[in-house]
Amino acid sequence: MNQQVQKDTLYVGGERVHSSRGVHTFGEIKDVKTPLDQATQKHRSFGFVTFLEKEDATAAMDNMDGAELYGRVLTVNYALPERIKGGEQGWAAQPLWADADTWFERQQQEEEMKRLQAENEAAMKAAEELHRKKVAEERDGEKEEETEATDPMAIAEAEALKSSQ
């Protein structure tokens, strides 16, 4: 992941009681986000704390990472930028409709590729059928020559024609 970290926002994991307990002693807090589990509507044991000053966030991370709070060990790191669903790779810092133009272009390219593949397959089938007919005609011609050469009646007729001339 080559995403730029947010030096003023910390990821705080392992916390059962979601609040800014403990981290507020390191500086003034701008925002606290604690995501909910959509199925249970309960907090998911992690949150994000945004400080007004980057130095305060650094001090909180240095002092709180690995610390124990209410019997649980905390993981405190710089947070990655918030991502929303959408964009070319499925997640991006842009809304879902932001890549609508490229989506339509991709759809047109895919349709064009399917059309070209269908044309190519039809041409290949036609070429194969023509080849089969040609091979069948050659075989039929060889059979007629073999029949004429080995058929005693055909040999007698050919000799009769030669002698009557």
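Backbone N, Cα and C atoms are what each Cβ position is placed from, and that goes for glycine too.
Residues or ranges marked as compositional bias 'Basic and acidic residues' in TrEMBL: 126-142.
Among the features that TrEMBL reports, domain 'RRM' is placed at 8-81. Per-class residue totals from DSSP over the domain 'RRM' (8-81), listed helix then strand then coil: 15 helix, 28 strand, 31 coil.
As annotated by TrEMBL, region 'Disordered' applies to 121-165.
On the 0 to 100 pLDDT scale, the model's mean across the domain 'RRM' (8-81) is 79.
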